Amino acid sequence: MKYELNGQVVLISGGSQGLGRAFAQKYIEESDSTVVIVSRSEEKLTRAGEAICGGARRLGAGGAGRLLYYACNLGDAAAVGGLFATLADAGLQVTQVLFCAGGAVPGLFAELSSAQLAAGVEMNYGTALHLAHGAVRHGARHLVFFSSAAAVYPFIGYSQYAPLKAALRALVAVLRQECDGVRVSCVYPGNFASEGYAEENRTKPAITAAIEGSSEAISCAACCDKIVRGLRSGYDDVTTDFVGWLLLACNMGFNYHSTTYFLWPLGWLLGALVNLLVVPIYMLLCRWDIHKWRTQREETHLAAKTD
């Protein structure tokens with residue numbers, strides 16, 4: 001199924017900011033599609049509408065305009081049911097769904113609160129789960145999930161985030177087998193500069209930042225453009241940088257593979273070689289870095305107690 005910007009009714013979760021808002025803006029500026037942005041906060045949605053095109057109208061309120069918004073807790077299945085009922089009342093048949101909602105609160109597992117961990121499950125998996133369930137039942141033809149490079153390389157500091165992004169990858173694999181006639185794509189973006197990314201860096205442990213490295217965060221608009229190019233090229237596992245592509249090549253697994261992708265043979269070969277030759281050495285280095293960090297941390301705590 002070809003990816004098209006034009007002629008769609010597009011539902012974007014997390015559409016009030018970050019990458020979701022960038023996609024909404026792209027559809028409004030470069031197509032004739034109707035766009036529905038969804039998030040919890042009506043205030044953020046109205047601000048996003050003003051920034052994108054001078055103002056959006058609330059779904060179900062009547063009036064003209066291609067950009068609509070709907071405030072909804074997507075982690076609540078009943079609320080998602082209400083969203084699709086409102087879409088039906090407005091005469092809108094959603095054709096594409098972009099699952100942009102999500103976010104990370106980096107921190108050590110034992111130091112995160114139960115509320116933070118539960119919020120991670122809802123925000124990064126529950127919202128996509130319920131929205132996808134409704135979308136499949138209501139005839140959407142293209143689902144675009146947003147996972148993360150952390151789904152294929154989870155590491156220290158991302159216990160609230162990475163396991164749920166990995167769960168999304170598993171859900172995508174199942175839906176590709178179950179949903180005949182529905183295109184199911186999954187994006188594994190690297191770092192991009194957004195409100196959520198700035199918030200992440202406030203709580204990110206030093207060891208997490210060290211292992212993650214100093215990769216530059218690209219703009220949301222640039223990230224959006226890369227994803228659109230990948231989808232238009234027919235790729236259903238889309239990355240936005242070389243590191244993400246390499247990580248995915250190392251984690252092909254029992255999953256649908258886009259064998260028409262011209263770099264697929266290289267990815268298969270390179271992934272096998274990296275797994276055999278590079279990963280064992282790299283993981284030893286990571287263990288050493290974590291050991292040093294843990295030792296320094298214990299010494300700091302001991303010195304603080306002594307003082």
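Here the Cβ of each residue, glycine as well, is placed from N, Cα and C on the backbone.
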Key: Residue in LEU5, LEU19, LEU175 which Swiss-Prot records at the NADP(+) site where LEU11, TYR161, LYS165, SER194 also bind   = LEU19
Ask   = Need a hand: Swiss-Prot gives GLY14, SER16, GLY18, ARG40, LYS44 for NADPH, which of LEU74, LEU83, LEU87, LEU92 is also on that list?
value = LEU74
Request  = Based on Cα distances to SER147 (active site, proton donor), point out the closest of the recorded positions GLY14, SER16, LEU19, TYR161, SER194.
outcome  = TYR161
For the motif 'GXSXG' (14-18), residues assigned helix / strand / coil by DSSP = 1 helix, 0 strand, 4 coil
Ask   = Taking the mean position of the Cβ atoms of GLY14, SER16, GLY18, ARG40, LYS44, LEU74 as the NADPH site, which residues outside that list, in the same chain, have a Cβ no more than 8 Å away, listed in sequence order?
value = SER13, GLY15, GLN17, GLY20, ILE37, VAL38, SER39, SER41, LEU45, CYS100, ALA101
Remark   = For SER194 (NADP(+) binding site), the closest of the binding-site residues by C-alpha position, picking from GLY14, GLY18, LYS44, is GLY18
